Amino acid sequence: MIIRPVDEVRGELNAPPSKSYTHRAYFLALLAEGESTIENPLVCDDTLATIEAIRSFGAGVDGKTVVPPEEPSPGFVYARESGTTARFSTALAGGIGGKTLIDGARRLRERPMDGLVKALKGLGAEVDGFSLPLTVKGPVKSGRVSVDASKSSQFVSGLLLLGAEVGLKVEARNPVSKPYIEMTLRTMEAFGVEFEREGFSFEVYPGVKGTRYKVPGDYSTASFFLAAGALYGKVRVNNLLREDVQADMAFLDALEEFGARVKRGRDYVKVEGGELKAVALDCSDFPDSFPILAVVAAYAEGRSVIRARQLRFKESDRVRAMAVNLSRMGVKVRELEDGLEIEGGRPRGAKVETFNDHRIAMAMSIAALGATGPSIIEDTESVSKSHPGFFDDLRRLLE
């Protein structure tokens, strides 16, 4: 795809539904007593993988309606490229008698599963393998577990869902991306799950109630459009609730640190450009924002440092991917173990790679809009992983 620079970006969009909440709602509907309706679900490659997964466990899915089985049954889960699908399915398989096989695409086979596997083994499940493909044979025999969550909060969220299935005490050690755990808990509450907590130690009681659940808008995908407003003009994104706990709400604070003007409405966010200055940021609790924050840093005056310790375990090695692409655009970048040091300026048009990573594709598309010449973004089809309509929305802002 060729993207040419523009003079400004102005407009208004509706945020797509949240991918993270959609995943959680479908898995809870699998475990529920009674039928559930998932309103406003995100339809993308990752959430389709989750729908296929809950079907393999015995759920009936007809559009937005989920009819749970009397008891989930073992089966085969192919998670495509969805880490959430793979990890939640692995955890829930621990509560099922019989063997479940979980597998995924090549990059997903490289992503960490070890913390979750060790936790399930500690609960008495039989698990063959520490990365995909792996088999899980339940049911678990113990009701208390401590999990190393330093590589992914999804290990914790998966065990919380297992707790809603069988009852469980879960202690999360060194958790990253903590807001995603809060999102899991909030969705559990919507499905009537009862739990107690002290910090990041939880006691979850079994029992999930079928419900009608409306998926909120997605701050994560909205961040790319809001960044375009900060860099090139003014953008408003609707369907973003102020009273939410999504991880990427912190992206708005980061934009303000850079110097952008941010207005938070009850159900919208508006961002307008300002004089952008370099910042030092740790986005370990909202790592999905790292690629687009690196782009903002490339246009900000001065030297920024953007960090997040789990970045190398995502759909791509996002530290390396952004270092390669920004360097091709003439940006001075130094790669750190857990992030990037970026000297801001005016990127030039270039041919860049997406590394088959949806967030790299989206971030570099926004970067290209302000470059000194046209850019070629390779393999943009990866955006279908989280927002198939991304480029349609971007064109609306450029009309």
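Glycine is treated like the rest: Cβ placed from N, Cα and C.
According to Swiss-Prot, the active site, proton acceptor annotation covers Asp288, on the basis of sequence analysis. Using a 10 Å radius centred on the Cβ of Asp288 (active site, proton acceptor) and all shown protein chains, the other Cβ atoms total 25.
For Arg111 (phosphoenolpyruvate binding site), other Cβ atoms within 10 Å of its Cβ number 19. Taken from Swiss-Prot, the feature phosphoenolpyruvate binding site covers Lys19, Gly83, Arg111, Gln154, Arg318, Arg359, Lys385.
Mapped onto three states, the DSSP output places Arg24 (3-phosphoshikimate binding site) in helix. Long-range neighbours of Arg24 (3-phosphoshikimate binding site) (same chain, six or more residues apart, CB within less than 8 Å of its CB): Ser157, Leu161, Met183, Thr184, Thr187, Met188. Feature annotation from Swiss-Prot assigns 3-phosphoshikimate binding site to Lys19, Ser20, Arg24, Ser152, Ser153, Gln154, Asp288, Gln310, Lys314.
Cβ-based neighbour count (10 Å, all protein chains) for Lys19 (phosphoenolpyruvate binding site) stands at 26.
Among the record's phosphoenolpyruvate binders, Lys19, Gly83, Arg111, Gln154, Arg318, Arg359, Lys385, no two C-alpha atoms are more than 19 Å apart, and one pair sits at exactly that spread. Just so you know, the Cβ of Ser153 (3-phosphoshikimate binding site) picks up 26 other Cβ atoms within 10 Å once every protein chain is counted. Within 10 Å of Asp288 (active site, proton acceptor), counting CA to CA, the binding-site residues Lys19, Gly83, Arg359 contribute Arg359.
Around the Cβ of Arg318 (phosphoenolpyruvate binding site), a 10 Å sphere holds 26 further Cβ atoms from the protein chains shown. The Cβ of Gln154 (phosphoenolpyruvate binding site) has 28 neighbouring Cβ atoms from other residues within 10 Å, across all protein chains displayed.
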